[in-house]
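Annotated features, as they stand in TrEMBL:
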- 125-250: domain 'Palmitoyltransferase DHHC' (DOMAIN)
- 21-41: transmembrane segment (TRANSMEM)
- 61-81: transmembrane segment (TRANSMEM)
- 171-195: transmembrane segment (TRANSMEM)
- 215-240: transmembrane segment (TRANSMEM)
Amino acid sequence: MYRSGAVMAWNVFRFCTALRGLGSIMILLVLGVVGVTYYAVVLTNYGPALASSGGFLDALVALSVLVLFHCLLVMLLWSYFSVVFTDPGSVPLNWRPELDEERGEADPLTTSEFGASPADSGNPRIRFCRKCNQLKPPRCHHCSVCGRCVLKMDHHCVWVVNCVGALNYKYFLLFLFYTFLETTVVTLSLLPQFIEFFSDGEIPGTPSTLATTFLAFVLNLAFALSVLGFLIMHISLVAANTTTIEAYEKKTSPKWRYDLGRKRNFEQVFGMDKRYWFLPAYSEEDLRRIPALHGLEYPSKPDLDAQE
């Protein structure tokens, strides 16, 4: 029994170490896919089509594809690096809760309840992380890959080499959104060239450009389909004001304390300022009036007990 537990712990440790080691490799992989796609769409197909000016309609189509492609690419990369370089949220030093918000209790926590060592107090009203040796705010979880507690942790994403939490969840959603739009545009724009591969006529281009176009089409089609599934899942999570971890933990619970209705749930992630909804940023006003954006306090339904 002890040996099997030790082996499992060692395997988890090795897995987390491997995920940390991916690091820049995953970023380079993302940039590599972007590079292949850019070469196929801009340099191989629609750039030359625009320059050749074979006709007004052809030039208009090429210009439209290029403008849309570059706009979505800018938003994709902006969102992506916002997720990569934004701290998902750490527990402030010496942080202590005033109320047991996660259990829905309104009675203030007293100093005596913390005791000399919160880890040994045995008080169910106090959430304590034994790995970090610190108190845990509501909706906070420990990430074994990052080796620390993350505010409103959703999951650790190898593609962004970072945890997705309270402070960068919106950026992650926008990254999924713009990735889906970009890969869909690329797939549709390269579809005529892809169909030509299976025609009997002669296909213009060198073997390398044809291979790049074929590869870019297949990669973007695969990413569009896979990202669509993730996007649908996270839209449902936002609508219920929950995270991937919380959805798993409360799968048998009929009600959720933090579900405030779709409109308010949406605002807890994207803010109230519509001008910033599709940008990986928040307005100063939203940061002042929405405490949930800082990851430490969350409004909840006072008439519901929290579901563990």
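Each residue, glycine too, has its Cβ placed from N, Cα and C.
Whatever TrEMBL says is automated annotation, not expert-curated.
Source: prediction; values computed, not measured.
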Need one number: mean pLDDT over the domain 'Palmitoyltransferase DHHC' (125-250).
92
Counted with DSSP (H/G/I as helix, E/B as strand, rest coil), the domain 'Palmitoyltransferase DHHC' (125-250) has 67 helix, 16 strand, 43 coil
